Structure formats: C-alpha cells, structure tokens
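Everything on this sheet refers to the single structure shown next.
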C-alpha cells in the first residue's frame with residue numbers, strides 16, 4: 001500500500017510525546033537566536049560620553065571638583081537647538097596643565113565668553129559614563145566613527161540574507177540534520193571569536209559569519225519541527241516556535257542586566273550553542289526529506305521510532321511511502337512568474353513591501369528603545385512580554401475573522417503607535433511605554449501573519465519561490481535599519497518613529513488590496529491565483545501551510 005507521510009503520522013502520532021520532545025529541543029534553538037538578531041541593543045549600547053582632555057583629571061583632583069562640576073567647567077555645552085554632538089564630540093582647545101587656571105571657572109581667565117573659545121575634535125579619546133562596557137566604549141564607535149556601529153549590525157543582516165538564500169538548497173541537498181549541526185557548530189565558534197576579537201575588523205568578520213549560519217540554523221529548526229508534526233498542527237507549532245524567540249528576548253534582558261560587560265555577555269549567550277551539538281543523538285533526520293531522496297527504508301525506521309515513542313504502532317499495511325508533492329506534470333518555476341500576470345504581480349509587490357516593513361519596524365523599534373529608553377533592561381523586558389498576546393491573537397483571529405483585516409489592523413496600530421510616541425511628553429513615561437508596547441504587539445502580529453499569507457497567495461509550483469523572494473526583503477530591511485535609526489536620531493531623536501509611522505500605515509493600507517485567504521484552498525495554478533478575489537468552489541475545507549522548504553523569518 002502506498003501512503004503519504006501525513007498518513008503515517010496519523011497512525012504513529014501527529015503531536016504526541018515524540019513531537020513535544022522535538023518541539024522543546026528545537027524551541028531552545030529558537031530562543032538562542034535572539035542575542036544575534038537584536039543583541040545590538042546591549043552589545044552596542046551608547047552611554048553618555050565626552051572628550052578626554054589631558055590635565056583635566058589632575059586639575060579636578062587639585063581643586064576638589066565633583067563630577068558635575070568637572071563637566072560644567074571643562075566640557076562644552078550643547079550646540080544650537082540642544083544638540084548633544086558639540087558636548088560629546090568636541091573639546092576646548094585648552095592646555096589644562098597650565099598653572100594659571102583657577103579652580104573657580106578656570107576658563108574665565110582665557111575668555112569671559114566661552115562660546116568664543118576654540119573647539120577641536122576628541123584627539124585623545126572619550127570618557128564614558130557607564131559602569132560596564134560595550135563595543136561602542138571599547139572601540140570608540142562614536143562621533144565620526146558612529147557609522148561603524150551601524151555597519152556592525154548591518155553585517156549580521158547581510159549574513160542573514162546570504163545564508164537564507166542558500167540554506168534551502170543546502171538543506172535539500174545534504175539533509176536537515178547534517179545542515180543543522182554544521183550551522184550550530186560554526187555559529188558557536190564564530191560567537192566565541194566575536195567575544196575575544198582584538199580589533200573591530202575581526203569582530204565584524206566573525207559577526208558576519210554568525211549571520212551566515214545563525215538564521216539558517218533557526219530556519220532548519222523551523223522546517224524540522226513542522227515536518228515532524230501532522231498537517232493540522234503545523235501552523236500552530238510554527239507560531240509557537242516563533243514564540244520561543246520571545247522567551248529568548250526575556251532571558252536576554254536578564255542576562256544583559258547581570259553582565260553589563262559586552263565580552264562576557266557575548267560569551268555567555270554563545271555557550272548554549274555548544275550544548276545544541278548534543279542534538280546529534282537526540283534529533284533524527286526528517287523522514288520527509290529521506291522519502292524525497294528515495295530512502296524509504298530509513299524513513300520507515302524513523303516512523304517506527306516515532307510510533308514507539310508515542311506509544312503507538314504502525315499497521316503492517318504501511319509498506320511504501322511517497323512524498324506529498326503532486327505526481328502530475330512538473331512545472332519549472334521562474335522569477336518572471338512572480339510578476340508576469342497582474343494579480344500575482346500585485347501580490348508580489350505588496351508582500352515584498354510588507355516583509356520589508358515588518359523587519360524595519362520590528363528591529364527599528366528595538367534599536368530606538370536602546371537609544372531613547374531610561375532603563376533599557378526594563379523597557380526591553382516589557383516590550384518583549386507583549387509578543388505573547390500577539391501570538392495568541394494571531395491564532396484566535398486568523399480562522400475566525402480572517403487574515404486580511406487583522407493583518408491590516410496590526411500594521412496600522414504599529415504605525416499609529418510610532419506616530420503617537422513621537423509627541424508624548426517626556427514626563428508621561430508610563431504612557432510612552434504603553435504606546436510603545438502596542439506598537440511592538442502590532443508589528444509582531446503583522447510579522448507572523450505575513451509568514452502565513454505569503455504561502456497562501458501563490459500557486460503550488462511557485463509557492464516556495466514566492467515565499468523565498470518576498471521574505472528576502474526582511475533581510476534587506478534589516479541591513480538599512482541601523483543606518484536609518486542611528487543616523488536619523490542625530491537629527492531628531494523621534495525622527496525614526498515618524499518614518500516608521502509612515503511605512504507602517506502604508507503597509508496597512510496595501511494589505512487591504514490583497515484577497516482574503518480564509519476558508520480557501522491553496523491555489524494550484526496561475527489561473528486560480530489570478531481569480532482568488534472571485535468566489536470559487538473550495539477544493540478542501542482546511543488550509544495548511546506547506547513548510548518543507550519555506551524560508552519563514554522570525555517574528
């Protein structure tokens with residue numbers, strides 16, 4: 001008797017002890033991805049700083065100044081309009097070692113008007129007002145070198161883009177398990193090398209390598225867990241796998257608070273990856289991949305192992321397994337298929353923009369919080385908590401209300417929250433936190449829904465290609481987000497939020513131009529995809545997400 005993998009799982013258990021065990025193990029992998037994706041908030045924290053001037057410390061000691069008096073007497077004030085750059089990046093061109101300087105307003109003897117005193121760059125480095133350290137304080141990534149912090153975060157997103165572009169082929173060619181273990185090993189080694197890098201250049205290189213493999217291992221974990229469970233559990237398991245990433249956010253806030261020095265923090269969050277190498281003995285190869293490689297005997301052994309773990313038995317009639325792909329005529333997908341016909345072209349452009357929007361707003365809001373927050377540890381923790389209700393709201397609404405309206409509403413809420421945050425007075429910090437959390441919840445929901453809808457809008461033969469091409473825009477968004485956030489805040493601290501607001505509101509409006517996919521069968525042909533907005537007879541009652549080869553980003 002010839003049967004499919006899902007038929008075998010119905011007998012051996014679709015989500016029982018074995019699948020729950022695999023879900024727990026792979027969810028740890030998802031949580032460990034967090035420090036690489038958003039760790040820049042703590043690794044690249046920029047504290048208040050000012051130029052170090054030779055002789056100032058000695059003069060301060062001789063005069064008995066307090067730290068506040070030392071700053072007042074020796075550091076330039078804010079520039080025009082309250083700009084901090086003059087205070088942080090310029091110093092008085094004064095010889096502080098001269099004995100004629102008094103202890104009461106020492107600059108008065110040089111000029112009664114401080115604004116006429118010459119200013120120069122910080123030639124001798126900076127002093128940072130922080131008890132810990134970050135890559136900013138160690139490598140002086142401030143003032144003229146501040147763009148190097150942007151490059152550090154962009155490099156990991158470049159790695160994400162290249163790695164996710166190639167991981168589909170590699171995992172299909174060599175298997176999920178081998179690819180998972182290889183990427184885990186490289187990720188662990190490069191993470192340690194980042195922690196001990198002696199120079200900025202070496203740190204940048206190893207961070208790029210981390211990006212190349214870390215998202216790839218996260219995606220393989222996603223593929224594995226969705227291939228181990230039955231059809232009816234795939235979507236829910238996929239959403240909760242992404243929720244494990246949120247658990248990682250909460251843990252990262254606590255670890256970063258306990259370890260304020262970036263090298264120890266980087267080393268600590270990297271260590272769990274070495275433990276994941278033990279998965280060689282814990283996680284079997286995907287039976288779906290084995291069947292696709294015509295290794296049916298090995299696949300049957302794994303199914304028997306799954307059934308035994310689940311306390312079930314496979315019937316003797318299950319002798320031969322076949323893959324779920326259609327056995328009819330094979331079509332060769334092309335990039336042109338994504339833009340050749342009007343409706344699919346519209347879907348492609350809107351989906352690409354929404355992937356880009358989700359990435360820019362998600363990463364951008366986290367980075368901006370690191371710049372604007374009074375207590376980045378607490379605010380990071382609070383904003384991460386709202387991702388849990390976001391996941392539950394997605395599960396509760398997509399099959400009751402549909403995909404389109406919750407998706408549009410989540411983008412609009414995120415955009416409106418960004419707009420409102422920019423105009424909330426500083427003394428209403430509690431209101432600012434609430435609005436920021438609403439924005440974070442909105443963009444988290446949008447991120448999770450786009451993962452689902454992207455696959456539902458394309459016909460079968462270009463579905464994987466469509467998800468692959470559209471989702472690559474989230475990595476492009478991640479590449480430009482650091483420059484967008486850190487450069488625009490130099491002009492106005494809230495300017496990035498205004499940009500996020502426009503981007504999010506436009507994304508919400510564009511979503512309404514897409515067809516509703518709730519209750520509709522996955523389209524199998526170009527014609528069916530073109531006619532999705534017209535009522536048509538359903539070919540099946542349940543829609544599920546085909547995830548064998550999809551590149552689904554994190555929430």
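Cβ coordinates come from backbone N, Cα and C, glycine included.
These figures come from a predicted structure and were not determined experimentally.
Taken from TrEMBL, the feature transmembrane segment applies to 23-45, 151-171, 178-196, 202-225, 237-258, 264-283, 350-370, 376-398, 405-424, 430-453, 465-485, 491-514. Taken from TrEMBL, the feature domain 'Major facilitator superfamily (MFS) profile' applies to 97-519.
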> Going through 202-225, 237-258, 350-370, 430-453, 465-485 one by one, which has the most CB pairs that fall under 8 Å from the transmembrane segment (151-171)?
Replying inline: 202-225
> At least three Cβ pairs under 8 Å linking the transmembrane segment (23-45) and the transmembrane segment (405-424), pairs spaced 6 or more in sequence?
Replying inline: no
>> For the transmembrane segment (465-485), give me same-chain residues lying six or more residues beyond its boundaries with a C-beta closer than 8 angstroms to one of its C-beta atoms, as numbers and ranges.
In response: 40, 147, 149-154, 157-158, 160-161, 164-165, 168, 333, 335, 337-338, 348, 351-353, 355-360, 363-364, 367-368, 371, 451, 454-455, 457-458, 496, 499, 550-553
> Between the transmembrane segment (430-453) and the transmembrane segment (202-225), are there at least three Cβ pairs closer than 8 Å, leaving out pairs fewer than 6 positions apart?
Replying inline: no
> Taking residues 6+ outside the transmembrane segment (405-424), which of them lie with a CB under 8 Å of any CB in it?
Replying inline: 354, 357, 361, 365, 393-394, 397-398, 431-432, 435-436, 438-446, 449-450, 453, 494, 497-498, 500-509, 511-512
